[in-house]
Amino acid sequence: MSMKAVNRRSFLKTSLLGGAAGGAALFGPWTHNRVYAAASDKPIRIGLTHDASGQFANSGQAEKRGSEMAVAEFNAKGGVLGRKIETVWMDTETNPQTGTRVAERMITRENVHFLAGAVQSGTANAISQVAQKYGCVYFNTNSSSPTESGANCHRVKFVWDGNGENFSKAAARNAINSFGNNWLLIYNDYVWGQNTNAATKKVATEYGATVMDEIAIPVGTRDWSSVLLKIQQMKPDVVAAAVGGDDFKVMRQQVHDMGLDRNPAWINNQQDWPDIFGLGADAAFGVFGTTWYHYLDLPGVPEFVKQYQEMYPTTRISVPGNVTYNGYVAMRELLRVVEEVGSTDNMKVIKALEGRVMTAKDRMQHFDAVIDANSHQVQQTIYLAEGNAKPRDDTDYFNILSWSDPEAIRSSAGDECKLESYADTPSYDQG
Amino acid sequence: MTLPAMQYDRRETTAWITRPILVMAVVFATLPLWIETVGLYQYLGVEVLIWIVFALGFNLLLGYTGLPSFGHGAFFGIGAYAFGLAQFEVWANLWFCLAAAIVVTGAFGAVTALFLAHRRGIYFALMSIAFGQIFYFIASKWTDVTKGEDGLLNIARLPADFGVAEVSIQSNTALYYFCYAVMMVLIVLLWRLTNSPFGRTLRAIKQNETRVAFIGYPVRLYKWAAFTLSCGIAGLAGGLFAMAQEGAYINIMSLQWSGTIVLIVLIGGGFVSFWGPVLGVILYFVARDILGAYTEAWLLWFGLMFVVLVMFKPDGIAGMWRGWVAPRLRGRGATTPAPRPAESRS
Amino acid sequence: MLYDLIPHIINGLALGLLFALLALGFMLIIGVMEVINLAHGSLFALGAYVALAVMVPDGGLPYAFMEPYYALPDVPRYVIALIVGPLVVAVVGAGLELCLRRTYGQDPLYGLLLTFGAALVLEEGIREIWGSSEYYLPIPRGISGGFIAGDLIYSTYRIYAAIFAAAMIGLLWLFLNRTPYGAIIKAGAHDGEMVRALGHNLSRLRLFVFAFGAALAAIAGIIMAPIWGIRPVVGVDAVVPAFVVIVLGGVGSFWGAVSAGLLVGLVVGLTAAFATDWSLLSMYLLLLAVVTFRSRGLAGKASVLES
């Protein structure tokens, strides 16, 4: 693990040499050549909208690796419908303004058939609005705001990650029995935090917990000492935290530093792999959720890890995590559906995806997953984990505690989703 | 200790329409016809126009009055929210919503300016950062209104109602021409304003605020007015941007974007030229699209360019044009040397 | 109630010392050179990254070559990091000063803009070298972990950091006020011509002051790294509070800045405890309140920066 490997340009180069990304990834506007070939051998172009800068640069690049793995897999088998798959990637910079522009460019200039990639909900929303306007199918791979498949759902958008509500449901049920009744809720004072906190509160009170207080933490908080002192003074059994992004990293560090990571019991929402990798098992504190882990005892998992390592031998994150996994399974499913319906026509693809059941075995999870036809969210297994006291190697940070059936932790945010009708969604097919 | 001055030929300053305005009008009128041929796309044109509007308004402060605001992105964002909220909550009419964006943002600017108008230089810069941050935090926290990081979504590109006919600006090209019309009107108005007695007073304040105050001008009032007006224009740009993106997002209000607009205007040569902001915006967006396609480190190169420019040619592109290109075009050497910053020691 | 308040007051003061530490280098450069160094935060971040490279094998230096070195115990490595980090950053700061020379004698706005550009370059440069990942700066066992105070647990490292900050503040004061070098620096702040007339090399003085200010930024970065974590954007988190502390304290006043740091720490600490959702705004509201009534801050004098 040398630092050289982190350099993003060298990463890009390796992925290109590996033939995964296809030649298009680095095409600037001036050197671009349109493909005027017969429809049958014209490549299928997929626009990748993964962040490479801004707050979620790391996660964006992790999901990009997943998307490219699936593409490489299909290209190795001869493509889809006998056509090669080409990807065009542009940095969306964790920024809605850039997201809008990139989506416009992907659709109107790069003529992509499909779009995939997002971590931050604002950026995902910006991309999905443009996608819906043109009718281009868009996969939101990793943004976990409940509003993504709730109030802000779209006919062309499919949401592949579990959302904040799924995670809090999975965690809350188990925690009350194990840790006690007096709960303190802390959350980042923005949409994701507020929604997730509301869901946690609802579930916790349903199961008989007493909510002592709810503390809203401003986004961008760098010093947690006052809050941590206050938590100690209140003496809760459980602190349920919906804190995200950089704030979570800083909080984790300061909780750890004060030695508060064991008592009280911490319930964190979701721990994304790129946010923790490299920091050691110590950094995983409390109980948290994830959709996948590279030491799940399931068939196919070791092979997938090996496939990742072969494709990205120099990447700093040496094993795939949940973010890469989501990127991979989403892209794989998209390509399978295109193969099945025999076309890149958006309506055919959308209809095939809605209600689609994916088996547990195929997705390397414990339960079957299904794409909800009404909210377009993938209902999937959620794992609860804690820091691993007995790691088997230096990547083994998590100890998986339990897993929840998708039905048991279904998010109610989907009720607020009103998809555009088929008729109101423009038909879109780049041929 | 002064900033370079804006110097224009008298023939230009008394005219309503000048040669550069005509060049602007022609270049941007034809842009949708050739933008795809050169490998770009229509939406980029829309964004460039909107940022030109924003940057021109910003330069009223930076280039004309010498006030470095590092919190202006906040007002751009407020304009976008105001446009969206006016559309959803009051009356979904293009003119009304744009007016609301201008008036609401102008009002926020007017209140902010009460705290800022008596500040100078660095103190002004810092206080503008503080206000920008305050607005950013409120927008981030007040999710019922702004929808926080999700964004205020589904803002429509409202049809332009001219009484006799209603013109749709739904497509990128139509929206482009609408923004084009707005920009051209704004350019002519700003050109007149900056060459009016009001504009000349602002320029004098930039050169020497104390002296202007001694002569008896109400300097604070002028600075207040310049700030408010500049915020109003930022609001207009924000309103247009809300339509372009069909949403209003919080990111634009962050410190980073407030800094970006300073960078853009300065690189273009906002200190010495009315047209500096235009040049800066074009350079920034084209560089971003082209460099950005080749390297993720494009901001590194852009930053380096900025540093070198501040060191060697703080008059920016407009200054280079005046110093090197324009005299040759005229074919008789340098008639009006580009104004240089005074070299006096502190 | 009062009993509950005491830990928060102590914590606020500790926080305040850290804010003051954050502002020291910024203050020195603004006071002597009348340059607003917007790259202060990026130098702060760079200091943390260099320390990281010195501390851990994964931190950016060629491992094979350095292997015996990383076998050292953590205390010597930490001390080396505390020396090497500021030195490297001082060199970068000196380079920045050489660039800045072209702006001397012009409007101070140019200095501000140049350092703003430099901040962007440094941050992007850090991203190129270290990537965007989060890093954790390990600290010697002796100063890590928590300790029990009454029925509360508090961070040992924070106590160490606060004491360190207080010591740095004291040392800097002694340096400026009790040594001949300090006298020259202070004279340079008031009257550059006089310094020159007395036979000192003004440009060398400025180079030294800027390098020194950068080194102080790096020290702050290394001290804050175990609390804030290390990310490329961490510089922005540092430069804004430093800015606030200086303006609140009054440009050019040493004790003004220190007391402003303590005040900001107390206000931020107490709002975070009792009105958490306003904690981040409190710093700015405090600034507005103070500066509206005392336009040069708590102890500021008129300075060239206002023109």
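Placed from the backbone N, Cα and C atoms, the Cβ positions cover glycine too.
Here's what TrEMBL has on this protein:
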- B:16-35: transmembrane segment (TRANSMEM)
- B:41-62: transmembrane segment (TRANSMEM)
- B:69-86: transmembrane segment (TRANSMEM)
- B:92-115: transmembrane segment (TRANSMEM)
- B:122-139: transmembrane segment (TRANSMEM)
- B:174-193: transmembrane segment (TRANSMEM)
- B:221-241: transmembrane segment (TRANSMEM)
- B:261-286: transmembrane segment (TRANSMEM)
- B:293-312: transmembrane segment (TRANSMEM)
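The transmembrane segment (B:261-286) makes no contact with the transmembrane segment (B:122-139): fewer than 3 of their CB pairs lie within 8 A, with pairs spaced 6 or more apart in sequence.
The listed stretches are B:41-62, B:69-86, B:122-139, B:174-193, B:221-241; of these, B:221-241 has the most Cβ pairs under 8 Å to the transmembrane segment (B:92-115). The listed stretches are B:69-86, B:122-139, B:174-193; of these, B:174-193 has the most Cβ pairs under 8 Å to the transmembrane segment (B:41-62). Among residues of the same chain six or more beyond the transmembrane segment (B:69-86), those with a C-beta under 8 A of the stretch's C-beta atoms are 54, 58, 61-62, 96-98, 100-102, 104-105, 108-109, 124-126, 128-133, 135-136, 139, 145-146, 152, 155, 227, 230-231, 234-239, 241-243, 245, 247-250, 252-262.
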